[in-house]
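Worksheet: one structure, shown below.
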Amino acid sequence: MNVLDMKDPAFLKQLSEKELSEVAADIRAFLIDKLSVTGGHLGPNLGVVELTLVLHQLYDSPKDKFLFDVGHQAYVHKILTGRAGQFDTLRQHKGLCGFPKRSESIHDCWETGHSSTSLSGAMGMTLARDLKGTDEHIIPIIGDGALTGGMALEALNHIGHEQRDMTVILNDNEMSIAPNVGALHNMLGRMRTANKYNKAKEDLELLIKKVPAFGGRLASTAERVKDSLKYLLVSGMFFEELGFTYLGPVDGHDLHDLKANISYAKKTKGPIIIHVVTKKGKGYAPAENDAKGTWHGLGPYKIESGEVVKKPGPPSYSGVFAETLKTIARSDDRLVAVTPAMPNGSGLDKFAKEFPERMFDVGIAEQHATTMSAGLAAQGMKPVLAIYSTFLQRGYDQLVHDVCRQNLNVVFAIDRAGLVGADGETHQGVFDISYMRHLPNITLLAPKDENEFQHMLYTAVNHEDGPIAVRYPRGSGLGVPMDEELKELPIGKWESVRTGKDAAILAFGTMMPVAEAAAELLAAKGIEVEVINARSIKPLDEEKLSEISESGKPILTLEEHALQGGFGSAVLEYYHSAGIHSIVVERMGIPDWYIEHGSVPELLEEIGLTASGAAEKVQKLIPRKKQRA
Ligand SMILES: Cc1ncc(C[n+]2csc(CCOP(=O)(O)OP(=O)(O)O)c2C)c(N)n1
Ligand SMILES: CC(=O)[C@@H](O)[C@H](O)COP(=O)(O)O
Ligand SMILES: [Mg+2]
């Protein structure tokens with residue numbers, strides 16, 4: 001069947017299992033082909049083709065609600081709901097979103113991107129259904145990785161308590177991005193090999209049949225023995241003890257097995273969890289055999305060879321992070337690295353190769369990672385928590401309550417700070433300055449390039465005066481030379497990289513090249529602008545700020561961060577508190593809305609965070625008479 005003809009999932013209703021398997025093959029071929037050009041989350045989606053087909057065959061979306069946890073595995077759902085024709089624009093500017101998007105389709109009832117939210121969302125929808133007296137089915141689909149997220153466990157606890165009708169699909173492929181970790185993962189492993197319980201149960205039943213019955217006594221004893229056997233052999237009892245009916249393990253690529261169990265669940269009262277065992281990357285050998293997590297989410301690749309198309313260029317910030325951390329760790333055995341399930345993306349997988357005993361992947365557990373780091377620091381270790389800006393949002397109270405308030409020496413390596421591009425709204429790292437700079441005791445730094453980054457990281461690890469964060473962007477550096485020796489940078493001291501008498505641009509991180517380019521544009525108009533690398537966001541360089549105000553130069557602050565409460569706000573607050581009201585401060589940054597997916601240059605262009613935009617803004621601050629015609 002032509003995938004592009006799939007407009008409404010109702011077409012699945014009358015298909016036989018054979019026809020369904022043909023549709024599955026067509027969808028797999030489509031995904032492998034399309035994503036070889038656009039990139040995307042190929043592995044997760046190849047793993048849920050049969051599952052998504054059966055779900056849409058047996059349930060009636062959009063009346064019945066599918067909540068895809070994380071949502072990176074919703075491409076099959078998007079194909080079945082009429083969006084196959086948009087896959088050439090996947091994760092591109094104004095194109096198809098890589099995650100469920102309510103504005104895209106009535107079949108997308110719940111938006112995700114951050115992990116472990118589906119069960120809570122589903123519980124809310126279940127309560128709403130029961131309070132309204134409607135009868136739709138609520139079906140969260142959560143992966144084994146997402147299940148390690150704390151809020152998923154909070155939700156399981158409540159769902160089990162409420163005993164309302166809901167079918168949870170646990171998509172267990174033994175992988176998070178990298179191989180999954182944790183005791184839950186091990187427990188699921190025991191469940192995956194549960195058929196030994198079924199064998200033992202059959203043997204027991206055979207035995208009972210051979211012994212002449214002593215009435216119900218033997219039968220009821222046998223039942224108790226069977227139950228305790230189940231308890232002993234099948235840790236699926238974990239879910240049963242929480243109040244769920246556990247079904248599984250179910251082969252997630254066997255249409256018949258899937259249909260039988262999901263049909264049974266549809267008819268069963270109360271909370272059900274169906275443990276579906278799938279293979280990430282199923283149907284495409286390079287992805288199927290991926291033990292590291294390369295095929296979880298990736299750029300374009302060559303279908304025949306499975307070769308990922310590599311863009312040449314300077315080292316990535318994550319790569320510099322890993323190398324620098326290894327250098328520091330060789331002479332500082334206090335250093336311990338922590339990641340919440342992002343070993344590959346953060347670069348800590350490379351650190352772990354040299355220091356396996358000093359790197360901890362705690363699963364998708366940002367709250368735990370943050371407070372565990374506090375515990376490490378409380379005992380004199382030097383924890384470096386590598387965490388994406390957007391995911392640290394999940395550990396905010398732990399940042400406040402456990403790290404900053406106790407003034408513990410935790411280093412936050414805040415990766416993916418700034419716009420991240422293709423992952424869009426849920427992943428843009430544009431709020432961390434706002435949610436960190438108001439916290440007493442925190443120090444917040446941002447490097448202008450990868451060379452300053454290595455020094456900044458070294459400075460942060462040697463900082464013994466409380467928590468310190470270094471925020472840095474996704475992707476490559478500027479290709480600047482790297483110093484051989486690491487050195488400490490002065491915290492609270494900015495760097496003037498260009499002099500100018502007419503105005504000053506305060507920028508940091510990725511906005512430094514933009515500021516310098518703007519200064520060049522302005523120089524062509526006879527406007528001399530000082531460019532300052534405001535690399536210490538907290539504390540500010542108050543000496544420099546008062547020096548600028550004495551010069552009377554207007555200021556433009558430039559940040560790839562939310563304007564609300566960002567760096568520019570900090571500068572305004574400083575001048576206000578210092579009683580300096582005469583100075584002109586203009587701010588440029590991320591406007592007060594969520595920035596969708598697209599390439600970072602396109603997104604910056606769209607919001608005017610460009611050299612020409614900055615130059616235009618500064619020009620308006622300069623009296624006409626000072627400007628060359
Ligand atoms: C709060 C949060 N932390 C980390 C991530 C990054 N992340 C995206 S998918 C993923 C792994 C999900 O594993 P699983 O739920 O098993 O889904 P699978 O990819 O195996 O289908 C992670 C860690 C995220 N999206 N949200
Ligand atoms: C879906 C998800 O949250 C991750 O897969 C994320 O897309 C990884 O981002 P990076 O590609 O920046 O590591
Ligand atoms: Mg998984």
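Yeah, the Cβs are placed from backbone N, Cα and C, and that goes for glycine too.
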Given that TrEMBL records HIS72, GLY113, HIS114, SER115, GLY145, ALA146, ASN173, TYR284 as binding thiamine diphosphate, the matching residue among GLU17, GLU354, GLU357, GLU366 is GLU366
Checking the binding-site residues HIS72, HIS114, GLU366 against ligand 3, those whose Cβ falls under 6 Å of one of its atoms come out as none
Of all C-alpha pairs drawn from the thiamine diphosphate-binding set HIS72, GLY113, HIS114, SER115, GLY145, ALA146, ASN173, TYR284, GLU366, the farthest apart lie at a distance in Å of 32
Across every protein chain in view, the count of C-beta atoms other than its own within 10 A of the C-beta of HIS114 (thiamine diphosphate binding site) is 21
Within 10 Å of ASP144 (Mg(2+) binding site) (Cα basis), scanning binding-site residues HIS72, HIS114, GLU366, I find none
When the binding-site residues ASP144, GLU366 are compared by other Cβ atoms within 10 Å, fewest goes to ASP144
Three-class DSSP assignment, GLU366 (thiamine diphosphate binding site), comes back as helix
